[in-house]
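According to TrEMBL, the protein carries these features:
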TRANSMEM  25-45  transmembrane segment
DOMAIN    39-285  domain 'G-protein coupled receptors family 1 profile'
TRANSMEM  57-76  transmembrane segment
TRANSMEM  96-118  transmembrane segment
TRANSMEM  138-156  transmembrane segment
TRANSMEM  191-222  transmembrane segment
TRANSMEM  234-256  transmembrane segment
TRANSMEM  268-287  transmembrane segment
Amino acid sequence: MATTNNVTELILLGFSPNQDVQKTISVMFLLMYTAIVLGNGLIVVTIMGNKGLTSPMYFFLGYLSFVEICYCSVTAPKLILDSFIERKIISLKGCITQIFFLHFFGGTEIFLLTVMAYDRYVAICKPLHYTVIMNRRACGLLVGAAWGGGLLHSVGQTFLISQLPFCGPKVLDHYFCDVHPVLKLACSDTFLIGVLIIANGGSISVISFTVLLASYVVILHALSTQTSEGRRKALSTCASHVAVVGLFFIPCSFVYMRPCVTLPADKIVAVFYTVVTPLLNPIIYSFRNAEVKNAMRRLIGRKVIWKEK
């Protein structure tokens, strides 16, 4: 397929053609993005700076929070800056780069969530062997596999999009570049590439969701033999993970596990997996966790004492 393009830039329509509405939305995104960076950044700093938070659960949580910051940073800053510009333009290379990083961090997050479900499975179903199975080396390998899986997924999606010729129109009805709206602008038959894109994203989602579902079915079965206190603690931890998984997987499945067509609801749905999930991650995972909250208080207390000195 030819890859010669006479389109070098794309125009993003954003959420609304009304500049005042767009600015209002951008202010909301600025507030949410600031909260995402501060909240998830605080989790990363707390876990890195506290010797008491060394269990695999916190090890994975630190990486998840870091990925959330990176993932949201792919789309939110440009939307915020575009509110000050009447003509919202992104170069074709910049658009493909945005797709690459969007799917790189998004794919990595999916694999990290799957790894965290496996960690909970081992902790609850094999408690006596937990420290042996989830040793530091194994945790490092699992995180490396998550990054590697995200990279392979992203390279696949980006390669398929980069093979398409773009000769007009060049108006993208979205607030960021993604495979489906960009695919719609290609001036050639995109059926085969569309199928491959769905197969790439869909297979990752299906496999990861199957592993997650199987882990929690086994965990729920194992909890029936534990004491009421043990069940309460385990369910509290698992409920947080299930909430994050639901907030991320359901919107992603709506967008990426269907034929390559764009729907009016796509922009709103995209907000959930690009902004809302990273925003709620610190609340769901950490601010309900007594150990993390106490570690944050100690960290902030040390900063205050250091400044007073």
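If you go along the chain as it appears here, the first residue is 1 and each next one adds 1.
Every residue gets a Cβ built from N, Cα and C, even glycine.
Predicted automatically and left uncurated, TrEMBL annotations should be read as such.
With pairs at least 6 apart in sequence, the transmembrane segment (96-118) and the transmembrane segment (191-222) have 3 or more Cβ pairs within the 8 Å limit; the two touch. Taken as a whole, the domain 'G-protein coupled receptors family 1 profile' (39-285) shows an average pLDDT of 86 in this prediction.
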